[in-house]
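The structure appears right after this line, and notes come after that.
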Amino acid sequence: MTIAAENLTANHPRRKWTDYFTFCVDHKVIGIQYLVTSFLFFFIGGSFAEAMRTELATPSPDFVQPEMYNQLMTLHGTIMIFLWIVPAGAAFANYLIPLMVGTEDMAFPRLNAVAFWLTPPGGILLISSFFVGAPQAGWTSYPPLSLLSGKWGEELWILSLLLVGTSSILGAINFVTTILKMRIKDMDLHSMPLFCWAMLATSSLILLSTPVLASALILLSFDLIAGTSFFNPVGGGDPVVYQHLFWFYSHPAVYIMILPFFGVISEVIPVHARKPIFGYRAIAYSSLAISFLGLIVWAHHMFTSGTPGWLRMFFMATTMLIAVPTGIKIFSWCGTLWGGKIQLNSAMLFAFGFLSSFMIGGLTGVMVASVPFDIHVHDTYFVVGHFHYVLFGGSAFALFSGVYHWFPKMTGRMVNEPLGRLHFILTFIGMNLTFMPMHELGLMGMNRRIALYDVEFQPLNVLSTIGAYVLAASTIPFVINVFWSLFKGEKAARNPWRALTLEWQTASPPIIENFEEEPVLWCGPYDFGIDTELMDDEETVQTLIADAAGS
């Protein structure tokens, strides 16, 4: 049900389309720039995945040669992590945080623009490595393998990640400062939206872990270019040191990729279930707990790397412990759904897809956290299936949920719901068909990252490839929906979902200054069910806001 609210944008100047191609400091423009750029890289990285799955439909190299397969595999992983999911989280944070806390812009607008404009050059550098021999050592780039493949392709990979990592650090500084220092006067930490809590936890992880990755990459670059031996065993270096440095960032990176979308789900579910969030403080504090525990679990990636037994036990325990705050979130979301007036629109369908898929990824995560089990499935397709259920079934489903939820606010247009539902159905079927067989392949002993495999693995690989084609097809209704809705969609009201957070108090899309006057907290961000009949009347809502401002 929509509310016929005045579209304030009509009375104010709007951003021109050319602003989205310039060094604009408006956080909303930067948020859209991040979102569009991340999806462009999603299509590039996804096309690499389709090429890989086409090759894996047969045991022998029929479609691409093993060297090209290794390059595609390396760039696919790097793009999907560093140029799709991470920037997509930054897109929502840039667009929403100032609106949610009731301020005009980020704390450091120019720094915010610099952060974005480091990302496209990073992506261009990475893809241009094809012209000099793309890296073949995987997205982890372990030495000595990374020291033996194409030197200049590997160097471009390093420079790309340094640019994107710098972008993440600059963005995190902005997010933390804006959340802590620029909230409106009536908003304390426990009355701000849970998305802001999620970004506070994410930004803390970025600031603590990304410099460690940068140091590892710089040392690896010296080994490549200057002939040093920090990680080269031929000269007395230790490759395991690189693994520790790399995973000290790259396991927290999993939470950097999922925590923003935990925040998205915490916004979507109460709005479309018409019910207060269950356990606000539990969800908020569990984000901080995940952020802390995420820094002390990295060596579970190294159970087979000569890690001492006592250290294995420590990291197994901390890895299993991190399931506790994650489980708190799952139970809180399910508690919010229980007894709610659920609206099965596109945003909510993807939220349901997130819940079911992420729980599968979480359960398999507890399995691989166990040392005896991990030793047997390490570097097999079981691990590939696990992390794709976490990152695609988790982050990507929540990303699409957020796109459908905030599309009216960002564009001033409603999405086409039948196309959105078709997008969800194809994505859900394709995702499970692609990644579920990988668990069985891993248990059967199929190694990851290799183009050649035994013929006994072919039936499940064919099934997985069919699923990948369904996933590719699922993007068609999504793209059609976005462009059709932009130009032909029904005009959106200021608050079509009858939500309570501050971004819905301004026009759709928001005016350049965000708000005509300082917004007012007239209720909590999730006070659904309290005089809910009032929410059906926009005039009554505005009266309540005015009364709150007067008091």
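Positions of Cβ are set from backbone N, Cα and C atoms, glycine also.
Summarising the annotation, Swiss-Prot assigns Fe(II)-heme a binding site to His76, His388 and lists a curator's inference as the type of evidence. Residues annotated as Cu cation binding site in Swiss-Prot: His251, Tyr255, His300, His301. According to Swiss-Prot, the feature heme a3 binding site maps to His386, an assignment based on a curator's inference. Here Swiss-Prot flags 29-49, 79-99, 113-133, 156-176, 205-225, 245-265, 283-303, 313-333, 348-368, 382-402, 424-444, 466-486 as transmembrane segment, drawing on sequence analysis.
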For His301 (Cu cation binding site) and His76 (Fe(II)-heme a binding site), what Cα-Cα distance in Å is obtained after rounding to a whole number?
-> 20
Round to a whole number and give the Cα-to-Cα distance in Å for the pair His300 (Cu cation binding site) and the residue listed as 'heme a3 binding site'.
-> 14
Intrachain neighbours beyond the transmembrane segment (424-444), with Cβ under 8 angstroms and 6 or more residues off its ends | 53, 346, 349-350, 353, 357, 364, 377, 380-386, 388-389, 392-393, 397, 400, 456-457, 460-461, 463-464, 466-474, 477
Can you name the far-off residues of the same chain, 6+ from the ends of the transmembrane segment (348-368), with a Cβ under 8 Å from a Cβ of it?
-> 261, 265, 268-269, 272-273, 300, 319-320, 323, 326-327, 330, 333-334, 342, 374, 377, 382-383, 385-394, 397-398, 400-401, 404, 420-421, 424, 427-428, 431-432, 439
May I ask you to check whether the transmembrane segment (156-176) and the transmembrane segment (79-99) make contact, with contact taken as at least three Cβ pairs under 8 Å and only pairs 6 or more apart in sequence counted?
-> yes
Setting His251, Tyr255, His300, His301 aside, what same-chain residues sit with their Cβ within 8 Å of the center of the Cβ atoms that define the Cu cation site, listed in sequence order?
-> Trp247, Ser250, Pro252, Val254, Gly294, Val297, Trp298, Thr319
Positions on the same chain near the transmembrane segment (113-133), where near means CB under 8 A and six or more residues out | 23-25, 30, 33-34, 37, 41, 44, 71, 75, 78-79, 82-83, 87, 90, 94, 149-150, 152-153, 156-157, 159-164, 166-168, 170-171, 174
Whole-number Å only: compute the distance from the Cα of His251 (Cu cation binding site) to the Cα of the residue listed as 'heme a3 binding site'.
-> 14
At the level of the C-alpha atoms, what whole-angstrom distance separates His76 (Fe(II)-heme a binding site) and His386 (heme a3 binding site)?
-> 17
Coarse DSSP state, helix versus strand versus coil, of His388 (Fe(II)-heme a binding site) | helix
Contact yes or no, the transmembrane segment (382-402) and the transmembrane segment (283-303), 3+ Cβ pairs under 8 Å, gap 6+ = no
Relative to the Cβ of the residue listed as 'heme a3 binding site', which residues of the same chain, six or more apart in sequence, are found under 8 Å away?
-> Gly361, Thr364, Gly365, Met367, Val368, His439
Length of the line joining the Cα atoms of His388 (Fe(II)-heme a binding site) and Tyr255 (Cu cation binding site), in Å = 14
